[in-house]
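Reviewing the structure listed below.
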């Protein structure tokens with residue numbers, strides 16, 4: 001899930017993660033009622049999961065790379081292994097951005113149309129989206145939550161969260177020529193070592209109660225910062241796509 005990365009790179013193999021990470025803090029139960037747990041299957045019928053967030057009663061936003069078959073969304077969850085008063089709803093239409101690029105991770109955003117409208121209550125609520133002119137600035141500290149993987153390679157049963165600092169785009173550009181600050185966010189202060197982990201993809205980066213980013217990917221070095229999708233750059237696409245999905 002949320003990882004504190006220690007400086008052991010010099011003494012560990014490149015792909016080793018187990019000895020260098022511990023995870024973040026458990027969220028207060030149901031304190032993030034917009035969160036969605038998304039389960040789906042790949043072409044080999046292997047199960048996967050991502051995070052997402054409710055942006056309308058019948059629409060969940062997530063990352064485009066979280067697309068698959070037989071997608072189901074669980075709303076109102078805290079511990080996904082316990083019996084809770086959740087709403088499990090099938091997805092009838094997944095609409096990833098038509099220009100999503102698996103290699104560069106550009107346009108890593110997707111909307112899911114739910115089979116039925118969610119019942120909003122104390123543990124299930126929508127979250128606000130930014131205006132197209134909103135711009136998250138370097139130095140701003142916002143929060144990510146998710147059910148991502150822990151240090152022992154198991155996924156977290158309970159929702160975890162961490163505060164992460166927005167970095168200057170140049171930090172990510174120096175590490176990857178594919179980074180594009182106009183549509184992406186560079187997130188995570190290397191000196192603090194806090195980060196998202198596998199399984200947190202698709203979750204929201206929340207600043208002052210507004211979903212400003214989507215957890216997208218980590219750079220090829222495996223180190224901080226991470227790259228998130230910048231939601232404000234996609235508002236026209238979101239509005240158009242939501243209208244089409246809700247009319248279908």
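From the backbone N, Cα and C atoms, a Cβ is placed for every residue, glycine too.
The following features are taken from Swiss-Prot:
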SIGNAL    1-18  signal peptide
DOMAIN    21-243  domain 'Peptidase S1'
DISULFID  50-66  disulfide bond
ACT_SITE  65  active site, charge relay system
CARBOHYD  67  N-linked glycosylation site
ACT_SITE  108  active site, charge relay system
DISULFID  142-207  disulfide bond
CARBOHYD  152  N-linked glycosylation site
DISULFID  172-186  disulfide bond
CARBOHYD  180  N-linked glycosylation site
ACT_SITE  201  active site, charge relay system
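In the predicted model, the domain 'Peptidase S1' (21-243) shows an average pLDDT of 92. You'll find the Cα of residue 142 (disulfide bond) roughly 12 Å from the Cα of residue 186 (disulfide bond). When Cβ atoms from all protein chains are considered, those within 10 Å of residue 66 (disulfide bond) total 24, not counting its own.
When the CA atoms are compared, no recorded positions among the candidates 50, 108, 180, 186, 201 lie within 10 A of residue 207 (disulfide bond).
Of all the disulfide-bonded residues given, namely 50, 207, the one with the smallest number of surrounding CB atoms inside 10 A is 207. The Cβ neighbour count for residue 186 (disulfide bond), using a 10 Å radius and every protein chain shown, is 26. For the recorded positions 50, 65, 180, 186, a Cα-Cα cutoff of 10 angstroms around residue 108 (active site, charge relay system) retains 65. The shortest Cα-Cα distance between residue 66 (disulfide bond) and any of the recorded positions 172, 180, 186, 201 is the one to 201.
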